[in-house]
Each structure stands twice: as structure tokens, then as C-alpha cells.
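According to TrEMBL, the features are:
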type	residues	note
ACT_SITE	H211	active site, proton donor
ACT_SITE	E344	active site, proton acceptor
BINDING	N116, R117, H211, S212, Y213, D278	beta-D-galactose binding site
REGION	10-30	region 'Disordered'
Amino acid sequence: MRLLPLLEQKKEKPDVNKSGPKSLHDRGDFIRGQPTMTDVSVQQWGEVGGRGPVDLWVLQSAQVRVEVLSLGAILRSVCCRGREGHMEDVVLGFDHLEGYLSDQRYLGATVGRVANRIARGHFVVEGKEYRLDINNGPNALHGGLRGFNKAIWLATAVEGGVQLSLTSPDGDQGYPGEVQVSVSYTLQGETLTAEYQARSTKTTPINLTNHSYFNLAGQAAADIYDHQVSISAQSYLPVDDSSIPTGEIRRVKGTPFDLTTPVLIGPRLKEVPGPGFDHNFCLSFPGDSWTERGAARVFHPASGRVLEVSTSQPGVQFYTANFLDGLTGKGGVMYRKHSSFCLETQNWPDAVNQAPFPSCLLCPGEDYHHVTRFTFTTV
């Protein structure tokens, strides 16, 4: 699979009209072949002292409007229609740049180098031991103390969206190898596609995902108890007290983790051990072919909104915002426990330390490539 033009892309950024967003819809270097039905615009949204400006990219189709920040390759907003045609922002976030700079819950962020947890922040690759910063109990989480979610990415226009790229130096947060990473967000009709790609100069673990928190009733809604969820997985990974997989791959049948048919989230949360769902559901297994699969469907009956997720990743972490504790978000809304859900498409957690899990190692000369699609419809 050919990597998108991460290495040869132009370094100049699009001109920004200081009085408002600059539309890129008719740019010759942006549109190739048939005209896109997605309008793309960009404007400066803020500046980080000593690090440069942060841009806000807007992708607009007839059905969906998406906002992307060059800080953290963050999905700041996704607006979609309900059954009665009312547009609602269904992604949690912040009104100002400062909120994202201080955020410790990864709202909307692209996380890496390795999403989810690595036990004790420790692994061995090719006989060499590596130690990472500990930032989640005894473990390393979502790339470290200063992961990809806090970086300012280089953003360039692509057809129907924006490509964000980043160079992570050798030794960044303790990881080996210089890694060049890109994530492209493109919008076509009702489907938002996230395409992740990377190369490394040394063998290194890598596992990229988006960490958006969704509430299909709207980001201001109090909880997700009235949502119905289904996940296309026959197995899940039980975890220990620090949320590291125990190594067991357990069938969901006969457990509260059986989401193979639609389940109302509120009552099911009362059956799940601990504060809620924060578990990897197994979509494919080592040896399975690389292919895009249906992963999950969430339905909000009151509004009629539906979110369907497909991915080429072998797992999806279903997380019910168990640790949101009164964070102030967009419009002054207080985000609390169970106010939203995440569907983090990913490799299985702690795979670098658990040989039976799908490999998360990227070797020199190889291309890392995964695709996740979020489709927003109504019924």
C-alpha cells in the first residue's frame, strides 16, 4: 500500500484570509479529477507561544459538517442531522485553544505513538529494553506525557478534506526510531474517513486512533443511557485492576459484554464490573487478512441519529467516559461520567508485551496503514 505523499508533500500552508475562512473548494492543487462535493476551508484558530499557529479546518458536505484542528489532529466538532432535520454537534470539545492545551482526557485527539495502555511503560524490541513515562496508574497511556495529541501537525489540503502530518524524532517519549506519521480526514456525503499511515527508521510499536467522545443527542446532553449500541465482536479482552489485558481472549456470549445485538447502554452499564465499559472488542485475530470490517453501530432513538463505524484495525475500545468528572466543555456544558462514548479503533492494548496478540511493530521499510470510517445517518 503506497503511503500518501507524506515525504514529498509541499511545505507551504494555504493562504488564510484574516477576515474569515479561506475556501479551498476550487484550488487547482486541491481538486484532481472530478469536482468534490465537499467544501473545505481553513482559518487560524489560535497560537501556541513559541510553537506557532493552530489552524481550524472545516469540511462541509450536504449532510455533515466537521471541524479539525492542526493541534493534535483533533476532531473538534461533527454536526449531523436528526430525524427532524435539526443539526446537532455530537462531539465533545472546547470553545477555546486553551481547553485543548490543558486537556488530559484526549477529547477528539489523534493519539500515539501507541494508543491505549502499555503495561508498566516497559517493552523489549529486538533485544533492547525501552522504558516510557508512566502517566496512567502504573502504566503508559496514549503515547506518553506529551504524545501526538499535544503536537502541532502540518496540515495540507487533499481532495475532500485535510491531511495532517508529523515527524516524531527517535527517542520521542522513549520510543525508538524517527517516525513519519500522517492522518487524512476526508468527508464524502455522510461518511467521515480517517486514514492513518506511518514509516519508521527503527522497529517500533505503533497504534494510532482517534479519541472522539460522542453523544448522538448532542454534546450538551447529560448522558448516553438512552443510546443503543451493537459491536460486531464475538470476543473481548478482560483486564486487570489497572486496565491491562490479562492475556485471556474471552467469548462475549453469556456476559455483559455481548453487544452482538443492539443493547440499551444505561441498563447494561449496571451489569458491567467497575465504572463502565473500557474494554477492547476483538474484530479480527492474528493471521486474519487486512480488510475493512463493520465494527459498531450506535443508535439514539429520540433523535433518530445513527453512527456506524467500520475499520481495518483488529480491535475497537468501547469506552463510556467513566472518568469525565465535571470538565467544562463547549458552551459551558459540564461533561460528566457516562456523558458520552468512544469507539477507539485500534490494535489490541499492550500488544507489544503480549505475543499472542496481533503485532503492533512497524519495521523499517514497512508502511503502517489503517482506515476507519464514521457514517452518520438517521432512521
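Counting begins at 1 with the first residue displayed.
Including glycine, each Cβ sits where the backbone N, Cα and C put it.
Just so you know, TrEMBL annotations are computer predictions that nobody has curated.
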Taking Cα atoms as reference points, rank the recorded positions N116, R117, D278, E344 by distance from H211 (active site, proton donor) and give the first.
E344
Between E344 (active site, proton acceptor) and D278 (beta-D-galactose binding site): CA-CA distance (Å):
10
Given the beta-D-galactose binding site residues N116, R117, H211, S212, Y213, D278 in the record, what is the largest Cα to Cα distance, rounded to whole Å?
18
What is the Cβ neighbour count of S212 (beta-D-galactose binding site) at a 10 Å cut-off, with all protein chains included?
27
What binding-site residues in the list N116, R117, S212 lie within 10 angstroms of the residue listed as 'active site, proton acceptor', counting C-alpha atoms?
N116, S212
Look at the recorded positions D278, E344 and tell me which residue has the greatest number of other C-beta atoms within 10 angstroms of its C-beta.
E344
